[in-house]
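The domain 'Serine hydroxymethyltransferase-like' feature in TrEMBL is assigned to 8-398. Positions annotated as (6S)-5,6,7,8-tetrahydrofolate binding site by TrEMBL: Leu119, Gly123, His124, Leu125. Taken from TrEMBL, the feature site 'Plays an important role in substrate specificity' applies to His227. For Lys228, the entry in TrEMBL reads N6-(pyridoxal phosphate)lysine.
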Amino acid sequence: MTTETTATRDTQVFDLIAQEQHRQESGIELIASENFVSPAVMEAAGSVLTNKYAEGLPGKRYYGGCEVVDHVEQIAIDRAKELFGATWVNVQPHSGANANTAVFVACLHPGDTILGFDLSHGGHLTHGSSVNISGKYFRPTFYGVERETGVINYDVVEETAKRERPKMLICGASAYSRDWDYARLRAIADEVGALLLADVSHPAGLIAKGLLNDPLAHAHIVTTTTHKTLRGTRGGMIMMRNDFENPFGIKTMKGETRLMSSLLDSGVFPGTQGGPLEHIIAAKAVAFGEALTDDFYDYAVRVKSNAQAMAKAFTDRGYSIISGGTDNHLMLIDLRSKGLTGKLAENTLIKADITINKNMVPFDDKSPMVTSGMRVGTAAMTTRGLNESDMEQVVVYIDKVLMNHDDAATLATVKEEINEWMKAFPLFKS
Ligand SMILES: *Cc1c(COP(=O)(O)O)cnc(C)c1O
């Protein structure tokens with residue numbers, strides 16, 4: 001094994017990593033799906049566990065030498081169960097998309113109908129988009145929000161479900177600022193004989209601390225990423241509060257009915273993945289340990305109150321928020337009332353070191369490459385320590401940049417002020 005010295009260090013890559021750290025430290029990060037993990041989470045993710053093959057599950061592996069990683073993975077599972085009140089968890093999905101694909105492979109046959117939240121209204125690619133496996137291998141149908149309110153009308157979801165007869169009803173979003181009525185969705189799923197999948201990738205951290213409705217009380221299956229509000233390493237997982245016999249008659253080779261937990265485990269491996277990333281699972285375990293603390297509860301409360309403060313600051317300055325506000329950590333802003341596009345906002349704000357993403361708004365008249373909206377969230381900047389009055393200041397900067405988008409001098413001044421301001425919020429506290 002080579003030991004790294006200054007002379008042998010891969011400066012090409014490590015210089016870039018240093019540049020990226022500088023970018024993260026000096027700017028304002030408002031991408032709603034991003035967050036900053038702790039040094040402990042990074043240390044686990046960069047550990048020797050990356051060397052280990054461990055196909056299978058703790059205690060049931062296809063490789064030897066898994067005693068240690070078995071413990072690690074079991075801790076991740078146990079902590080996730082405690083966090084979400086689950087009785088069964090699989091922590092192996094490499095990402096949120098992989099978690100969803102594993103669920104589809106476990107529960108559905110090619111061609112089955114799925115009913116998800118429209119991508120152009122804030123839904124996710126993996127819930128039936130024609131460019132994703134979920135839309136290529138299954139028959140995707142969609143529900144959306146009401147044009148007038150920007151909110152989901154569950155009566156319309158019910159009508160759509162009765163018409164389309166999906167095998168799986170999917171809820172969850174990447175750009176929806178309102179909480180979900182999981183009880184109502186379960187009633188709809190039961191009415192048409194569908195499984196209810198709740199993908200809580202975005203609000204998982206708030207759900208874990210009881211600050212939003214509990215999806216596990218109603219959904220048959222819950223998937224999530226681990227890196228958004230949950231503030232762990234990049235990854236995914238699948239959970240259930242109650243195991244049950246699969247309703248679609250999938251049998252074992254002996255002709256016995258299989259439990260959903262067993263189907264889901266095999267949907268992950270060997271269904272859609274090979275060896276699990278045990279270093280990432282260790283990092284998940286560390287992050288879940290952090291999320292179990294009272295400090296994380298305080299964090300989650302501040303994520304929400306910061307989002308409230310930000311929504312109010314935008315509204316006070318005449319910006320229009322889809323659905324009129326937020327229940328969680330994010331909001332979608334319709335820039336048409338300001339005569340701007342999402343593309344212009346994204347490209348201009350980055351010049352002042354403010355990172356957001358352009359986003360379609362419901363019933364958007366512009367293309368996905370241009371869009372009429374921008375999505376912002378408070379998870380990352382709350383980790384850095386910004387409070388409610390800081391959120392107002394962030395909105396002041398955003399407004400100044402957008403109102404002066406073709407004035408290079410103003411953009412440069414705001415960038416300098418932000419770089420200076422961010423020094424007060426170090427990424428790593430020493
Ligand atoms: C982010 C997200 C995903 C995908 O997660 P990846 O880790 O990027 O694959 C899936 N579903 C929803 C609702 C998301 O917000």
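Just so you know, glycine gets a Cβ as well, placed from its N, Cα and C.
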Just to confirm: which same-chain residues, 6+ apart in sequence, have a Cβ under 8 Å from the Cβ of Gly123 ((6S)-5,6,7,8-tetrahydrofolate binding site)?
Gly116, Phe117, Phe142, Gly172, Ala173, Ser174, Tyr176
Within 10 Å of each Cβ, count the other Cβ atoms, then let me know which of the binding-site residues Leu119, Leu125 comes out lowest.
Leu125
How long is the line from the C-alpha of Leu119 ((6S)-5,6,7,8-tetrahydrofolate binding site) to the C-alpha of Lys228 (N6-(pyridoxal phosphate)lysine), rounded to the nearest angstrom?
19
Give the subset of the binding-site residues Leu119, His124, Leu125 lying near ligand 1, defined as CB under 6 A from any of its atoms.
His124
Can you give me the same-chain residues 6 or more apart in sequence from His124 ((6S)-5,6,7,8-tetrahydrofolate binding site) with a CB-CB distance under 8 Å?
Gly96, Gly116, Phe117, Gly172, Ala173, Ser174, Asp199, Ser201
Going by DSSP, is Gly123 ((6S)-5,6,7,8-tetrahydrofolate binding site) part of a helix, a strand, or coil?
coil
Leu125 ((6S)-5,6,7,8-tetrahydrofolate binding site) to His227 (site 'Plays an important role in substrate specificity'): how many Å between their Cα atoms?
18
Model confidence over the domain 'Serine hydroxymethyltransferase-like' (8-398), averaged pLDDT:
96
